[in-house]
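Asker: There's a structure below that I have some questions on.
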Amino acid sequence: MKVAVVGSGLAGLTAAMSLAKKGIEVTVFGPKPKESNSYLAQAGIAFPISDGDSIISHVTDTIRGGKYLNDVTVVWNVISKSTEAYHFLTSLGIEFTSRELEGGHSFPRIFTIKNETGKYIIPVLEKHAKEMGVNFIRKFAEEVAIHNKKIVGVFVEGELLYFDAVIIASGGFSGLYKFTAGNPWNLGIPIGDLALKGVPLRDIEFIQFHPTGFIGKRTYLISEAVRGAGAKLVTGEGERFVNELETRDVVAREIYRKMLEGKGVFLDATGIEDFKRRFPYIYSFLRREGINPKRDLIPVTPVAHYTIGGISVDIFYRTPIKGLYAIGEAACNGFHGANRLASNSLLECIVSGIEVSRTVIREKPRGERKEAKYHGYEPGNVDEVRDIMWNHAGIIRREESLRLGLKKLEKVEADPRVKILAEAVLKCALAREESRGAHYREDYPYSREEFRRPSIFRVENCML
């Protein structure tokens, strides 16, 4: 059996290693793992394994944070495998340096490595994957080839490569927004490609904006752990206006409101005595930007950070296409609900990577050896799409703005895979006539029980 993994972040590497361990031939397509968003992950991974903590506490926090849109079975399934995920990492020699408290969590369960967790974990996984015989091709798998609802393979530079199974682990699409903390090339191309081919997307309207982005010479995240350590959010006049440890949707929205009032928002970390020791990389970055967190306020702004929705999969990470799977941020099966809790994403990456390998091994798919059409799409005007998404499908939404965004999108000449994804977000945000988690409608500011169900997008239509 030959398996292709599209994506070289934490989810993709975990799946590749788990399959290679069973003697399966695995090829990973994508950039160097150091260029993945997983590598940029700062705070850490939520593991409810310490004395005083519990799985049920973590489950409760996740469902409460997800505004009760979560698939409860999936939440239990992922979090109950926390110990296995923890041992997967520690068995590779990875050692965590501290535990932190972050917004929405009722216990300090965020295991971190010097608050630059991704930079320590990803190289270790890549090294072990290579030692296990995983093949790495540093090229982009442009399209997925499907025939009669069965996987055929992937196109790379126009060439069709045949595989028995394809696992999409390409991350989300925060790069579809003008301001993002991730890599700007994270446009969700594989997600849009599959949407064009009839694969359903789930909860695609839920985009998480990190409350405390720093836009300087480059965009950088000031980790949630800094607020967990006692930093306060204030206006230029020194006014505190939000509970810093509220969930990200609430904090991002309140910061954005202040900015709409014409007020600057700052993070006051001057009360953290050991800032340099606890957050060495953030400290170094800020010093390079001319800011000393021991005495200066840090200007912050919300930035697109994480896409909660994605390719619709079941609890075993299967799509409706035989032999096609999706994991990590690229996928959605209801784990996060309407709002992802901080540091739950890396846990999901590990668990979904391990679980999908079990699914593939159990199902033993056989790919179709058929010809498939290659489209060779051109990028087009992606920046115009980014402007539309930021202005019309951002932190605060309303019907007129969403409809205007759709009209503007029709006129843009851009990669159809990018356009269909932007269209999906706008249409599902329009269909969800309520506010829930990361989706906030100014014209429907409250949650409505009749909308406590997932949205499903299938080629041009969003169903709720």
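Including glycine, each Cβ sits where the backbone N, Cα and C put it.
Residues or ranges marked as active site, proton donor/acceptor in Swiss-Prot (evidence: similarity to another entry): R248. For 8-11, 37-44, E329, 345-346, the entry in Swiss-Prot reads FAD binding site. The site 'Important in orienting the L-aspartate substrate' feature in Swiss-Prot is assigned to E102.
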Asker: So of L10, A43, L346, which of the binding-site residues has the fewest other Cβ atoms within 10 Å around its own Cβ?
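Answerer: Comparing Cβ neighbours within 10 Å for the binding-site residues L10, A43, L346, A43 has the fewest.
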Asker: Given the recorded positions N37, A41, A43, E102, E329, find the one whose Cα is closest in space to the Cα of the residue listed as 'active site, proton donor/acceptor'.
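Answerer: Result: the closest of the recorded positions to the residue listed as 'active site, proton donor/acceptor' is E102.
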Asker: I want to check the contact list for S8 (FAD binding site): same chain, sequence separation of six or more, C-beta distance under 8 angstroms. What comes out?
Answerer: V28, F29, G30, P31, K32, P33, E35, S36, E126, F136
Asker: Including all protein chains shown, what's the count of other C-beta atoms within 10 A of the C-beta of E102 (site 'Important in orienting the L-aspartate substrate')?
Answerer: 25
Asker: Using Cβ-Cβ distances, find the residues under 8 Å from N37 (FAD binding site) that belong to the same chain and are at least 6 apart in sequence, listing them in sequence order.
Answerer: G9, G171, G172, S174, G182, N183, N186, E329
Asker: Give me the long-range Cβ neighbours of A41 (FAD binding site): same chain, 6+ apart, Cβ under 8 Å, in sequence order.
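Answerer: In sequence order, L10, T117, G118, I121, S345, L346 meet the Cβ cut-off.
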